[in-house]
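**Q** Quick one: structure below, then a few questions.
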Amino acid sequence: MGLEKSLILLPLLVLVFGWVQSSLGKETSAQKFERHDMDSTGSSSSATYCNQMMKRRNMTQGYCKPVNTFVHEPQTAVHAVCSQKNVTCKNGNSNCYKSHSALHITDCRLKGNSKYPNCDYQTNQLQKHIIIACEGNPFVPVHFDASV
């Protein structure tokens, strides 16, 4: 009888372990925003900044991400945008917020002749207002929507 119970519990334990292991490795939307769009340490005047950062942040694996923006402000300043002016997101959702002031950003755009695996980006340092989507409790940035 003990062996039968063990054989019944074993598949259940394997399923539970697999679920726990896969959920531990998942990146939240807020963590993805941090990885894709935050560089609080400051911008670089190097023309290769985007090439380095896109690779370092795993945005050139399997394909070249065409556009990305890095925000060079303290995390607290970017999180504060979630309580600023509410605007409509590009996709029509109503959870986007526009910064009151222009922030330091770097715009990375894939050069026209660039192809994977040799992703080559144009680096543009700018000061613009940012529009970000915010969600959760606490309310935090989860998506970079635009710069204006």
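From the backbone N, Cα and C atoms, a Cβ is placed for every residue, glycine too.
Pasting the relevant annotations from Swiss-Prot:
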| type | residues | note |
| --- | --- | --- |
| ACT_SITE | H36 | active site, proton acceptor |
| ACT_SITE | H143 | active site, proton donor |
| BINDING | K32, R35, K65, P66, V67, N68, T69, K90, R109 | substrate binding site |
| DISULFID | C50-C108 | disulfide bond |
| DISULFID | C64-C119 | disulfide bond |
| DISULFID | C82-C134 | disulfide bond |
| DISULFID | C89-C96 | disulfide bond |
| CARBOHYD | N58 | N-linked glycosylation site |
| CARBOHYD | N86 | N-linked glycosylation site |
| SIGNAL | 1-25 | signal peptide |
**Q** Which three-state DSSP class does C82 (disulfide bond) fall into?
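**A** SS state of C82 (disulfide bond) = helix.
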**Q** Secondary structure at T69 (substrate binding site) (DSSP, helix/strand/coil)?
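**A** Its secondary structure by DSSP: strand.
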**Q** List the recorded positions among H36, C50, C89, C96, C108, C134 whose C-alpha is within 10 Å of the C-alpha of T69 (substrate binding site), in sequence order, or say none.
**A** H36, C50, C108
**Q** Assuming the binding residues for substrate are exactly those in the record, K32, R35, K65, P66, V67, N68, T69, K90, R109, what is the maximum CA-CA distance in angstrom, rounded?
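**A** 21 Å is the greatest Cα spacing among the residues binding substrate.
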**Q** At the level of the C-alpha atoms, what whole-angstrom distance separates H36 (active site, proton acceptor) and N58 (N-linked glycosylation site)?
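**A** It is 9 Å, counting Cα to Cα.
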**Q** Within 10 Å of C96 (disulfide bond) (Cα-Cα), which of the recorded positions V67, R109, H143?
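**A** Near C96 (disulfide bond) by Cα: H143.
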